[in-house]
Amino acid sequence: MEYSHKSVLLKETIEYLNIKPEGIYVDGTLGGGGHSEEILKRLTTGKLIAIDRDLDAIKASKERLKNYKNVEYINDNFKNIKEILKSLNIDKVDGILLDLGVSSYQLEEVKRGFSYMKDAPMDMRMDKNSPFSAYDVVNKYSQQELERVIREYGEEKWASRIAKFIVKEREKGEIKTTFQLVEIIKNAIPASARREGPHPAKRTFQAIRIEVNEELKGLDKAIEDMVEVLRGKGRIAIITFHSLEDRIVKNTFKKLENPCTCPPNMPCTCGKKPVVKIITKKPVLPSKEEIETNSRSRSAKLRVAEKL
């Protein structure tokens, strides 16, 4: 399959990474390969480690990047960065990039079930080898569990009604497709609320996808691990697409920049030293032009930190 993946905040991310031609870089979310390609264009004797837990993404990007020989493809989760680098006998790297959330090629591949705009089986797995899918969440979670997931990960104010309607509907039979779920969500949200804001199913689909792929679980620890494997002056650039992810990135960077746990008015005795300097005091947002040509970029935020 040919992926028409448009990389978000591409120019800004590459500029902030300060790429050295001889450096070692990690793209922890290879996706359609757009960011990786721009990194590779700037390398001479350097190397890129391209990681994705979606094997389809790796296959597609291998084709796109076939002219480059200095790439190591790894089918794994970026959260395992330490183990991945150890297996490659790499101690430190010069820069790391993460483009979080679902990628446009995953949305475009209808049968994966990520999109609420196309009918497909209830799947949403980024790793197709995982035994746990959106079908399990929708058909097996209790009403209470569903409400928690939709409220917590979707920040959906109608979470209680949506969970109730899902449970009621599945009494008639299994919920097998995305359009079945979209219809249930539409029925659960009052008509007046449906008329404004984004697609009524957007938040619930986001919530289920995050639950299925454990997207937020251990993200803070993964960022800390990545900073640990960075060389001094090396940078980590992270693109997020919703407030939950962005909050984790922002708070983790802050903690690494100011790890001191002493009371504010007292001299520091805890001995915890800053590990990074935050380069982007405010997140970098896409330009109006980018939003016009790539609607996926609308909610994107880029944050960058530099290892001290």
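Placement of Cβ uses the backbone N, Cα and C atoms for every residue, glycine included.
A quick note: this is a predicted structure, and the numbers were derived from the prediction, not measured.
Range 289-308 is the one annotated as region 'Disordered', of 29-48, 289-308 (source: Swiss-Prot). Secondary structure from DSSP puts Gly33 (S-adenosyl-L-methionine binding site) in coil.
Sequence-distant neighbours of Asp52 (S-adenosyl-L-methionine binding site): residues of the same chain at least 6 apart with a C-beta under 8 Å from its C-beta are Thr29, Leu30, Gly31, Ile58, Ser61, Ile74, Asn75. DSSP assigns Phe78 (S-adenosyl-L-methionine binding site) to a helix.
A simple way to gauge crowding: the CB of Phe78 (S-adenosyl-L-methionine binding site) has 24 other CB atoms within 10 angstroms, across all the protein chains here. Look at the Cβ of each of the binding-site residues Gly33, Gly34 and count the other Cβ atoms within 10 Å; the largest number goes with Gly33.
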